[in-house]
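To start, the structure under review is shown below, and the notes come after it.
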Amino acid sequence: DPQQTELTTASKRKLRRFIVIDEVVDKLYGTKVREYFEENNVQHKILALPTTEETKSMDLVLNILHEVQSFSLDRRTEPIIAIGGGVCLDIVGLAASLYRRRTPYIRVPTTLLSYVDASVGAKNGVNFLQCKNKLGGYTPPVASFLDRSFIQSIPRRHISNGLGEILKMALMKHKGLFDLLRSHGKYLLDTKFQSCNGLADHGDAALQTTRIAIETMLEELAPNLWEDDLDRLVDFGHLISPELEMRVLPSLMHGEAVNVDMAFMTYVAHARGLLGAEEKEQILQCMRGLELPVWHSGCSWALIQRALRERLKHSGGQPRMPLPTGLGVAEIFNDTSEETLERAYELWVRD
């Protein structure tokens, strides 16, 4: 906004920034972040917090807002900066949306999952009454700053976790992305999504993969930012996983729970005759190659039934079930019978 830029540069007031950073990220990068603000002569307050699914609550939002109030933030020209994984970005987004009704904020994702998922879109939220993201809103950030160098310091399992959300977009919308994951999945895990020179066989697989994943996500989200249309391909892997993830915390990470859901739905698509046996196996083989779980003992038939009943409550009385109809193509279905679901579940458990 040119007017705000002019106000900021014309003001004699020193530049000020309020930063919320995940405490693990702070241990790794906090010194660099502080040096950056000091070098640029920016008055700053850095609040390091434990941002996990277990702490993702209104209590933490209120904790942030108390600190924001003490800092005396100018909500027009001083955006709050969130540096961390998806949980951190969600919590700070909600806090910013509540402070003075809406304060601008900037997302800086530091995990692969948040890089391709939480960085995109308008949603924010916290868990409530043991339900995932039950409280929240739609307030997009003024910017997302994407830097893959953060990803090199996260554990291998966290890389795999992020690959679950990338695979979701591949299966729903982009066969080329699916082929990239099949061909380069192990390489991407080994190199932690860093762009490495001299490896001609792989090209810049990390850049290609993340760019396509984000672009396909934006294609889906941009026309429907406020979710006025409840038929959403990006809900693939998110029908059963919210119930499963909260039930088995902390044994499954978000992307892992999503992948367990996608694996079951792949069997549902096969049971409905939408996918052939070979395509089903190619999908499961790709999941295993990305070191993602394709089954979890906590995903019982009773849990699946409960999760789908919950789905009906929040999707206008229709299941709105996204299912792959091939590799990289999908449709949304409202007519999957309980018999088909149960048959798919029995095959899934058997395999």
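Note: Cβ is positioned from N, Cα and C throughout, glycine not excepted.
Sequence annotations record features per position, and here TrEMBL assigns domain '3-dehydroquinate synthase N-terminal' to 48-160. According to TrEMBL, the domain '3-dehydroquinate synthase C-terminal' annotation covers 162-301.
Remark: secondary structure over the domain '3-dehydroquinate synthase C-terminal' (162-301) totals 92 helix, 0 strand, 48 coil, with classes taken from DSSP. With DSSP states grouped into helix (H, G, I), strand (E, B) and coil, the domain '3-dehydroquinate synthase N-terminal' (48-160) comes out at 48 helix, 28 strand, 37 coil.
Taken together, the residues of the domain '3-dehydroquinate synthase N-terminal' (48-160) have an average pLDDT of 95.
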